[in-house]
Amino acid sequence: MSKVVVCAMYKFVSLPDFERIQKPLLIVMEKSGIKGTLLLAKEGINGTVAGSQSAIDALLAWLATQPGLDNIVHKLSFDDDMPFYRTKVKLKKEIVTMGVEGIDPNEVVGTYVKPKDWNALISDPEVLLVDTRNDYEVKIGTFENALDPQTATFREFPEYVKQNLDPTKHKKVAMFCTGGIRCEKSTAYLKEQGFEDVYHLEGGILKYLEEVKQEESMWQGECFVFDNRVAVNHDLEKGQYDQCNACRMPITEAEKASSQFEQGVSCPHCIDKVTDKQRERFLERERQVQLSKQRGEAHIGSDVSAVIESRRAKKEQLKKSQNEKSV
């Protein structure tokens, strides 16, 4: 059986008429049997899709015929099963949401560092290494000596920079993310804030794992991915983690054996965050999932926003109380 090809792609490029591309792009994906989601915005394209090798090749070839969408940054990995259920092309304000107006990586961006040169850069004691990903991603893997901003979403990253980084003290800053898109936008933001020597890993963690031998690697753990694989190891194969359907946190087999874990309802990370009302909803959703499995169907749907909002609200409350104490 042929492996499913998973293609993560993005490109920051000015697309003033991005709405025009939505329908024909969706048609190309559906005709080729490709599943996954692509985002379109004025600032470019971003997303992860999966299909046969010929289907992915055809998609990239079609995109190359569209103004500005040639030479899209993309990384390929493989899976035994299709990691997505739906085929979607969404129109967005940003292809990766930072929530800061005027940040344009097409105009200002940090220095790209190729995977083969990354180890030397982050081994420099003068370089501050920052992981731009979310807390649940950092939990299962990161680079040696990287700072964890402990952000719940990428929207929180600008505030982390304001509170913790200083262009007069931190002369060299290197950043990384899964595929390169968040750290590219992060470097653009830091440059706008007055940081001079700002670097980011070209192609992200996935490209690093692809090109750097494991015995030479400074990566520790696995890399979280936004599909049903949950995480990939250094060989870019499905890793050891599963995912809690209630809070999206990656979980180990040991955590699944915990009394606090209930399939589709809770895990040790969110057991104290799930309300009785959410629990009822999650139980019903899990019942529908199991019924779908019995019928041989894929159940589509995820209702995790309440738990995520709860996590975010608690973080905001903590920050507020800390600020009040410092006044």
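Using N, Cα and C of the backbone, Cβ positions are placed for all residues, glycine too.
What Swiss-Prot records for Cys177 is active site, cysteine persulfide intermediate, and it gives sequence analysis as the kind of evidence. Long-range Cβ contacts of Cys177 (active site, cysteine persulfide intermediate) within its own chain (separation 6+, distance under 8 Å): Asp131, Thr132, Arg133, Cys183, Ser186, Leu201, Gly204, Ile205.
Summarising the annotation, Swiss-Prot assigns domain 'Rhodanese' to 123-217.
Applying DSSP to the domain 'Rhodanese' (123-217) sorts its residues as follows: 38 helix, 19 strand, 38 coil.
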